[in-house]
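Trainee: Below you'll find the structure I mean.
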Ligand SMILES: O=C(CO)[C@H](O)[C@H](O)COP(=O)(O)O
């Protein structure tokens, strides 16, 4: 099965988790498939909160109401993809550069439902370069600190986040303790946040495989 077919299958499976109220919606090609599925059940839920400008636009294009996070309470679910995920539900996210808003919406949600094709399931995080969102004037400082942690930061050229910041993609990190590394990187002055989602892992993983969609939880 092609990767896109697997993404579409998990997006369709996620519809079973959609509550009547307001849904947090992620960013990326898998999230886009989910948005397209949401469009088919418009009217069965109230509205959405978007984790990026691109997601907000796609939701609106489908006629789905998009609300400001500050105007709503805690969300029932947040649905998003990942670049890598482990059996412990720790993730690397931010391949699309939306990591900060994704982390914020996820933090405001009771349940994080991760949608991924089986190429994203890994034993250890870190083959995918870890995205770090950085205030532009701190770019060099943060890069030096990331080198001290053993990584090789590379500026994502020509890319600005929805928050007006830059992304350093950090290669070759040995991510043996994702919870600690997430905290450590976030303590560097000038870092907005990093793409490790370990302090707040996913609750449910819908994994697209050639044998169908598998539902997994931390274990
Ligand atoms: O974190 C993300 C965007 O910032 C995405 O969830 C992640 O990059 C996966 O993308 P895709 O679904 O296109 O494979």
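Any Cβ shown, glycine's included, is placed from N, Cα and C.
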Trainee: Looking at the substrate binding annotation from TrEMBL, with 27, 28, 29, 30, 80, 81, 82, 83, 93, 94, 95, 96 already listed, which candidate in 2, 120, 127, 148 is the matching residue?
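Mentor: So, going by the record in TrEMBL, that would be 120.
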Trainee: Using Cα coordinates, what distance in whole Å links residue 80 (substrate binding site) and residue 102 (active site, proton acceptor)?
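Mentor: If we compare the Cα positions of residue 80 (substrate binding site) and residue 102 (active site, proton acceptor), the gap is 8 Å.
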Trainee: Cα of residue 93 (substrate binding site) to Cα of residue 102 (active site, proton acceptor): how many Å, rounded?
Mentor: 9
Trainee: List those of the binding-site residues 29, 80, 93, 95, 120 whose Cβ lies under 6 Å from any atom of ligand 1, in sequence order, or write none if there are none.
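Mentor: Only 29, 80, 93, 95 meet the Cβ criterion.
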